[in-house]
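Visitor: According to Swiss-Prot, the protein carries these features:
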- ARG308, THR309, ARG310, PHE311, ARG312, ASN371, PHE372, GLY373, GLN374, GLY421: glutathione binding site (BINDING)
- TYR474, GLY498, GLY499, SER500, GLY501, SER502, GLY503, LYS504, SER505: ATP binding site (BINDING)
- 133-429: domain 'ABC transmembrane type-1' (DOMAIN)
- 465-699: domain 'ABC transporter' (DOMAIN)
- 708-728: region 'Disordered' (REGION)
- 20-133: topological domain 'Mitochondrial matrix' (TOPO_DOM)
- 155-176: topological domain 'Mitochondrial intermembrane' (TOPO_DOM)
- 200-252: topological domain 'Mitochondrial matrix' (TOPO_DOM)
- 274-283: topological domain 'Mitochondrial intermembrane' (TOPO_DOM)
- 305-375: topological domain 'Mitochondrial matrix' (TOPO_DOM)
- 397-402: topological domain 'Mitochondrial intermembrane' (TOPO_DOM)
- 424-746: topological domain 'Mitochondrial matrix' (TOPO_DOM)
- 1-19: transit peptide (TRANSIT)
- 134-154: transmembrane segment (TRANSMEM)
- 177-199: transmembrane segment (TRANSMEM)
- 253-273: transmembrane segment (TRANSMEM)
- 284-304: transmembrane segment (TRANSMEM)
- 376-396: transmembrane segment (TRANSMEM)
- 403-423: transmembrane segment (TRANSMEM)
Amino acid sequence: MAPMLVSLNCGIRVQRRTLTLLIRQTSSYHIWDKSCINNGTNYQRRRTYALNSLHPQRTASWSTNRTENRRQILEAAKHLQVTDKRTCWHGNAGGRLNADPKNVLKEVHSAKILSAMLSYVWPKDRPDLRARVAVSLGLLAGAKLTNVMVPFMFKYAVDELNQMSGHMLNLNDAPSTVATMTTAVLIGYGVSRAGSALFNELRNTVFGKVAQSSIRRIAKNVFLHLHNLDLGFHLSRQTGALSKAIDRGTRGISFVLSALVFNLGPTVFEMFLVSAILYYKCGGEFAAVALGTLSAYTIFTILVTQWRTRFRIEMNKADNEAGNAAIDSLLNYETVKYFNNEKYEAERYDGYLKLYESSSLKTTSTLAMLNFGQSAIFSVGLTAIMLLASKGIAAGNMTVGDLVMVNGLLFQLSLPLNFLGTVYRETRQALIDMNTLFTLLNVDTKIKEKDLAPPLAVTPQDATIRFEDVYFEYMEGQKVLNGVSFEVPAGKKVAIVGGSGSGKSTIVRLLFRFYEPQQGNIYISGQNIRDVSLESLRKALGVVPQDAVLFHNNIFYNLQYGNINATPEEVYQVARLAGLHDAILRMPHGYDTQVGERGLKLSGGEKQRVAIARAILKNPPILLYDEATSSLDSITEENIMTSMKEMVKDRTSVFIAHRLSTIVDADEILVLSQGKVAERGTHQALLDTPGSLYAELWNAQNSKILNSRKSSSAPAAERLSQKEEERKKLQEEILNSVKGCGNCSC
């Protein structure tokens with residue numbers, strides 16, 4: 001359709017402009033004019049411009065002065081914000097839903113995250129996992145005790161070798177005794193180190209099942225919860241960013257679980273244990289230096305890590321945006337190719353990568369600063385405590401073995417301390433990563449079923465549908481359904497037609513309870529759908545959608561998805577009913593043929609046939625058909641409709657139609673207009689009604705056929721016979737041309 005020209009006038013007399021914009025035809029636009037200025041005063045005016053007829057001179061002026069007009073448009077675009085006025089919402093349309101996840105998701109406090117994680121580590125319904133946790137803690141205690149014994153064994157070995165404090169080694173006195181004691185102590189030293197390592201590895205082995213089970217349960221709960229959220233959430237989410245956040249959060253679970261149970265708590269315990277030993281064996285000065293060093297180390301680590309957290313947040317944000325941009329671009333591969341925008345997409349993706357690179361460099365440089373500060377603090381503390389030990393040896397209060405013991409105790413803490421810094425840093429970052437994961441679990445769905453809701457009792461014989469004064473709006477103040485009432489008798493075929501945005505597809509979504517009407521009630525078999533369980537409700541409904549989206553798997557999997565318990569023979573049978581079986585067998589891999597991302601390797605007709613077949617396989621009492629052939633050619637549409645006729649025989653069915661020729665055999669046709677049922681009746685009755693909206697729609701779609709009939713002089717029966725013969729020949733030629741290629745609807 002030809003583009004239309006719209007004149008926008010700023011209504012201030014002092015400064016009046018006329019801007020001519022080339023805009024695609026649509027219903028209406030809201031235009032916010034931000035450029036109206038009079039004596040320094042800003043005015044904002046909202047106007048609605050209907051795009052109707054155009055003055056021919058304006059159209060002519062566009063072609064004669066194209067360059068100047070283009071410049072004016074670019075200048076005007078800086079001052080105008082054009083927003084499509086919508087009264088409905090379709091998932092693949094250009095409208096906007098005010099459900100930004102940034103506004104919906106509220107962050108969960110870290111304490112709540114830790115509390116929730118502990119409930120997975122110590123589950124009430126898994127005594128076997130609780131036993132594993134108890135055994136792991138016992139092994140941890142054994143590892144710490146044997147670890148503390150190592151410096152003492154080293155001390156006793158040195159003291160045995162150096163029998164007199166402050167003197168050189170004297171091995172002439174009782175050499176056999178010294179050798180025996182030294183050997184025993186050194187063996188004890190080796191056993192202590194090996195025992196500590198053994199306890200640690202056994203602990204990791206026993207606790208591994210606990211950690212992996214927790215990860216599995218959390219990930220499954222998040223996945224299931226996402227499927228239980230309402231459609232509004234999923235229409236507003238960003239798939240790339242969400243998948244990145246879930247992936248990072250899941251990876252962080254294992255680290256945080258191990259860190260909390262086996263690193264942070266035990267390391268703090270070991271710090272106080274070492275300080276107590278130093279106080280008891282060496283005096284208060286040693287304990288004070290040790291506690292001071294450890295406290296300074298911990299405080300420095302916490303403060304710097306908290307400061308560094310913002311760089312990790314920036315890095316995660318850039319990572320999310322880069323992932324989302326990549327997925328969005330790859331999903332729209334064909335569109336990118338249509339407009340030769342590969343370089344633009346690469347540059348856009350690289351822009352996000354630059355942000356990630358900048359944030360990552362900040363994270364790396366601040367990590368180097370943190371590591372150096374930790375090493376400096378520990379080195380100062382170690383030097384101070386060694387000086388105190390040297391003074392004690394010089395004064396005769398301590399032995400060389402005491403010096404070795406003090407050095408060993410503090411050095412043994414260096415590893416968990418260094419790891420403590422890493423653990424705290426990574427735990428903080430993991431908690432940030434896990435925030436979205438646990439926040440998703442806190443998102444509450446707007447569609448809820450009642451407690452102990454009974455299942456929907458429905459059979460094909462009593463499968464009635466009744467809308468009772470239903471009002472619904474996606475956005476406040478813009479009603480899509482405005483008091484709709486109708487009934488579909490059991491076993492009847494009812495069609496719903498109307499213009500774009502009249503609420504046809506909304507009726508399907510309300511039946512599935514993807515949304516809840518603001519007013520009114522919906523009944524199936526006399527039962528209010530709000531009073532029955534969601535699972536039983538959706539089990540009773542089958543749908544052939546307008547856009548049949550398939551899983552990235554083989555054809556058999558996508559067919560069997562209608563009933564995952566169906567046998568292969570049942571799958572083959574529904575494929576035959578949908579006219580798909582022979583075409584599949586002609587494909588190189590038959591039913592194992594991969595359909596590609598969202599089924600893009602199949603034609604539109606093949607995807608629709610798969611959708612029909614799996615709807616047949618589901619075998620629901622009620623079938624919904626949502627404009628499934630609106631984008632297909634006439635022959636493919638006719639073949640699909642032939643498949644559908646057998647399927648809906650003696651079954652309650654609702655056909656939402658764009659092409660009226662597909663619903664002429666409906667028992668009743670409902671015509672929606674402005675959110676209400678404007679007309680109802682059979683096809684012929686509506687055509688015979690003077691001035692009916694349905695007749696107007698029918699005549700508009702069939703104007704070419706009607707004109708050709710008026711100009712023809714052949715008898716009606718002869719013309720129909722000739723047309724039928726031509727149609728059959730054309731269909732036969734098409735089928736022969738694709739024979740062997742596997743495409744049943746070229």
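The backbone N, Cα and C atoms fix where each Cβ goes, glycine too.
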Visitor: Are there residues at least 6 beyond the ends of the transmembrane segment (284-304) whose Cβ is under 8 Å from a Cβ of it, and what are they?
Guide: 271, 274-276, 278, 366, 369-370, 373-374, 377-378, 380-382, 384-385, 388-389, 406, 410, 413, 417, 420-421, 424-425
Visitor: Using a 10 Å cut-off between Cα atoms, which of these binding-site residues sit near GLN374 (glutathione binding site): TYR474, GLY499, GLY501, GLY503, SER505?
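Guide: Close binding-site residues: none.
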Visitor: How many Å lie between the Cα of GLY501 (ATP binding site) and the Cα of PHE372 (glutathione binding site)?
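Guide: A Cα-Cα distance of 64 Å.
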Visitor: Tell me the Cβ neighbour count for TYR474 (ATP binding site), meaning other Cβ atoms within 10 Å of its Cβ, over all protein chains shown.
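Guide: Its Cβ has 21 other Cβ atoms within 10 Å.
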Visitor: Between SER505 (ATP binding site) and ARG312 (glutathione binding site), find the distance joining the two CA atoms and give it rounded to the nearest Å.
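Guide: Approximately 43 Å lies between the Cα of SER505 (ATP binding site) and that of ARG312 (glutathione binding site).
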Visitor: What is the separation, in Å, between the Cα atoms of ARG308 (glutathione binding site) and GLY503 (ATP binding site)?
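Guide: For ARG308 (glutathione binding site) versus GLY503 (ATP binding site), the Cα atoms are 51 Å apart.
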Visitor: Average the per-residue pLDDT over the topological domain 'Mitochondrial matrix' (20-133) and send me the rounded value.
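Guide: On average, pLDDT over the topological domain 'Mitochondrial matrix' (20-133) sits at 48.
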Visitor: Out of GLY499, GLY501, GLY503, which of the binding-site residues is least crowded by other Cβ atoms within 10 Å?
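Guide: Comparing Cβ neighbours within 10 Å for the binding-site residues GLY499, GLY501, GLY503, GLY499 has the fewest.
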Visitor: What does the structure give for the C-alpha distance between TYR474 (ATP binding site) and PHE372 (glutathione binding site)? Integer Å is fine.
Guide: 56
Visitor: Distance between ARG312 (glutathione binding site) and GLY503 (ATP binding site) at the Cα atoms, whole Å?
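Guide: ARG312 (glutathione binding site) to GLY503 (ATP binding site), Cα-Cα distance: 45 Å.
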Visitor: Max CA to CA distance in Å over the ATP-binding set TYR474, GLY498, GLY499, SER500, GLY501, SER502, GLY503, LYS504, SER505?
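Guide: Largest pairwise Cα separation, rounded: 18 Å.
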